Amino acid sequence: MESWQFPQGVHPNTSKPAIEPMASEASVPKREDFANLALEGPEPPSLSYELIGMLRKAVRYRSADKHFTLSVCAMSILHSLFPILEWSKSYSLKSFRSDIMAGLTLASLSIPQSIGYANLAKLDPQYGLYTSVVPPLVYTVMGTSREIAIGPVAVVSLLLSSMVQKIADPTLDLASYRKLIFTVTFLTGVFQFAFGLFRLGFLVDFLSHAAITGFMGGAAIVIGLQQLKGLLGLSHFTSNTDVVSVTRAVWVSVHEPWHPENLFIGCSFFLFILGMRFIGRKNKKLFWVSAIAPVLSVALSTLMVYVTRADNRGVKIIQKVDAGINSSSVKQINLNGPYVTECAKIALICAVIALTEAIAVGRSFSVINGYKLDGNKEMIAMGFMNVAGSLSSCYVATGSFSRTAVNFTAGCKTAVSNVVMAATVMVALELLTKLLFYTPVSILASIILSALPGLINVQEVCILWKVDKMDFFTCMGSFLGVLFGSVEIGLSVAIGVSFAKVIIHSIRPQVQILGRLQGTNIFCNIKQYPMVCQTPAVLTTRIDTSFLCFINAKFIRERVTGWVTEKLDEIRSVVLDMSNVANIDTAGLAALEELREELLSHGIQMAIASPGWQVIHKMKLARLIDGTGEAWIFLTVGEAVEACLASKKVKGGDLEC
């Protein structure tokens, strides 16, 4: 009996050795033997096996030591949860000096921004500073990014204030509002931790890059409009975030008595910050000028107000900022109250948005420095830091692009720069809060406004229009939804358009007619490659969908039968290239059977080439192969076409295509 092994170097399309094997001619299998490989493979893993495997990966921590012991398992878990145990071994004094300088520079930007973002979240100023203390410390020991700067960000602050205030109005009951914020922060951390633990990072991908681009742009404009309250020194302002409500509120307010000093201070220092940023970009050695501009603006404007006592002439100041580091907020988290469901919904949105921003920022800088960011570990770290933050008077923290850029430019080497920044903020909380009493509110508005241009990416929108119109409409739907509706409407529109795009592509997948590239056994799309030639008697088609299912089965069957009907007198065989079909459901199997019977009624033979692992397995279980015939299942398109031509005794000239 002849025995053979599958030779190395076989070309997947031609079934011929790409490199001549060092073996006798008898060891090379015949074409029919290759065709049988499509039917003789083992059964694919079951759904239960894949689910169990996914859970095993979620809880398994690998070690180089094959001998399993309790100590090895414990160390493996510790190194996985706390990456600092790995990189701290090679940490040097030189790196520490760089991290100190980067951390101090980062703190000079974080302190004024944190106060401004707390104001955006409708919280007292100290809560923004608290959020720049505990979360960065937790992230340092658990995160995998070296450059990312942790703290409050504008978009998440807007999300919290716009959604939580619908449950509790901060102007009427600030204590209840604050409790809800801490509860949402706790649940946000739980969701993020669960995403990382069970490797559910794909949930973050439900918001596409186009959707995030539009959402960030719309949120930036909404945030900017919200700052008109502080910039103009208005006492009464709308709580809505849409552009129509804000414009109406500004129009009503300017007809009432207002103090132009607020606008003068805000605009003057806004231009000052932009000027310092321009200098920093022109000369990379002066990057620190841009970084210290916000804190310098706070110091100068506070001194001006104190010396001139402008607060007596209508300039609004932030007044009291509570001194001392973070106090416990454990008792303020309420998981049994009547609004837990609403808090969970808000937390899920915040978790996804915060993770999307943080991972995007982290990956951008990890690529520059040539190392890999572990997305699942990042989610676990973000989850832990927000849970810890919720217990210590912090609200949702994530990675900030603007502060991360400053951290990177300042020369940070590791996440220790976050520790230095947190320590500096703690010193400010203990010693400097009394000095912030006369800080004008308009300066906080100008600091937030100066950070917004980075969220609006007009160039990316233009690229979306040129490359993919559906992505452009997704982006604009998200942008307009945030701008003229609300944050929730913008997110809903973005997710809705994204899902609609996926559904449209799923319902109407591409079904291509293939032709042979002359002198080869390669089959290509005749529209993409007009030089290929078709065999008149054989209709060769490729189904370009990974899942042949109830959504698209009817469309695919009708598309193939339509082509057959157009050339009914010429076609004698139909070859279905299913190399791209990874899976199939019962509706897809039924469509294949209906197609086979319809073709058979016209005297046309159907052949299937290169079916996927799950596809061939389900065809066996459904006994579809019995009807089609094992002889008409092929490993490659070339084999299928040649078999069809041979069975119909087509002239040899048609083979030389």
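Glycine is treated like the rest: Cβ placed from N, Cα and C.
Cross-referencing 347-368, 435-456 with TrEMBL places the feature transmembrane segment at 435-456. With helix defined as DSSP H, G or I and strand as E or B, the domain 'STAS' (548-644) counts 55 helix, 15 strand, 27 coil. Within the chain carrying the transmembrane segment (476-500), a Cβ under 8 angstroms from the stretch's Cβ atoms is held by residues 158-159, 162-163, 206-208, 210-215, 217-219, 221-222, 240-244, 349, 461, 470, all 6 or more beyond its ends. Taking residue pairs at least 6 apart in sequence, the transmembrane segment (286-307) and the transmembrane segment (435-456) share three or more C-beta contacts under 8 angstroms. Outside the transmembrane segment (263-279), and at least 6 residues removed from its termini, the chain residues within Cβ reach (under 8 Å) are 230-233, 286, 289-290, 292-294, 297, 300-301, 304-305, 310, 315, 440, 442-443, 445-447, 449-450. Among 180-200, 206-225, 286-307, 180-200 has the largest number of CB pairs under 8 A with the transmembrane segment (380-402). Looking only at the domain 'STAS' (548-644), the predicted model's pLDDT averages out at 91.
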